[in-house]
Amino acid sequence: MTYPDDYSTDVQKNEMDLKEFKEKAYLAELESKVLRLELKNKDITRENVQIKKENEILKRELDKLRIPPLILGTVLDRVNERKAVVKSSTGPNFLVNLSQFVEPDDIVPGARVCLNQQTLAVVEVLPKEKDYRAMAMELEEKPDILFGDIGGLNNQIRDIKEVVELPLKNPELFEKVGIVPPKGVLLYGPPGTGKTLLAKAVARETNASFVRVVGSELVKKFIGEGAKLVRDVFKLAKEKSPCIIFIDEIDAVASKRTESLTGGDREVQRTLMQLLAEMDGFDSRGDVKIIAATNRPDILDPAILRPGRFDRIIEIAAPDEDGRLEIFKIHTDKMNIKSVDLREIAKMAENMVGADIKAVCTEAGMFAIREGREYVTTKDFKEALLKVTGKKEKSEEGIAHLTTMYG
């Protein structure tokens, strides 16, 4: 059987096409394998680099662990460019050499240094010592209280802004007028009137650092410890300036000095004297301001009340009717109230302070929840007033009873 010539040619052409297709497919497969290998190689290279980095870090950590500890010392005097007299932490004084890595200008009396165990040479200069308790008093996050969240204290807010905010933000105004800006402000008044709230609002409204101290934290057991903490607090404030120091319950450390003293009373008086010295010491036009709060101004030492220490003494009294109404509006702003005449409630809340009004609003909400409602009515507020007033009267009766018993 014979085939046409063109048939043979077609077969040969198809065979060549098939062969060419197989070659292309094989090449494509090879290229794909090469690409996968290249990607795998890159991954291995990256892992290798990462392992080398980790290995270097571990080696450095191991070297640190192998280095013997250094001895702490305090510089007493620098003899020349390469020698100094140092008091070691173990007790004796040494004349030691300075390492080439230490700048001679950093070796000053009182500087903390590290000494080599073998040669006692100065190998490092440490930063100034700081009391961790003073560092912990700085607020990293600003409080969330604004002046608009405080009701019934418009005059007091104006006064504290003039004393604290204005000298920090516009000190040139005082220079133009030719007066010295106030150094500090003392807030006094019954508990719950908003003294601490004012300090929080100042911290929020200014860009200054804020150091909060409770007076009892400055009272320590051992001699000189409280005074050292006071020094460290003011040193921290200067380093963080502009800064505001807020001393809450200052009567714990600044009560009147008497002649009959126990050991604890003497230490409190030493702390007070250090506080007085620090308040006199910092620059009045500097960026450090002090705010203090107390509900017992009658027991404060006269020395701390004189002008130059607390230049402005602001009374935070119980609010009047308009002030109570303003406070009720602030606390009920996010409450679901229905047909409530806040003016009437404010009239009924006579002699109440801000903390009492907040308690009334909370109790009114609790009465509504107890009855299964999602809104608060006038009845809830009236019942809350009776409940909070009853608690307050019982508390005052208890205090009067204790006063009668113990004088």
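Easy rule for this one: first residue shown is 1, then count along the chain.
Including glycine, each Cβ sits where the backbone N, Cα and C put it.
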Coiled coil per Swiss-Prot, picked from 22-67, 252-297, is residues 22-67
In three-state DSSP terms, Lys195 (ATP binding site) is classed as helix
In all the protein chains shown, the tally of other Cβ atoms within 10 Å of the Cβ of Gly192 (ATP binding site) is 19
Cβ density check for Thr193 (ATP binding site), other Cβ within 10 Å (all protein chains) comes to 26
By the 10 Å Cβ-neighbour count, the most surrounded of the binding-site residues Lys195, His331 is Lys195
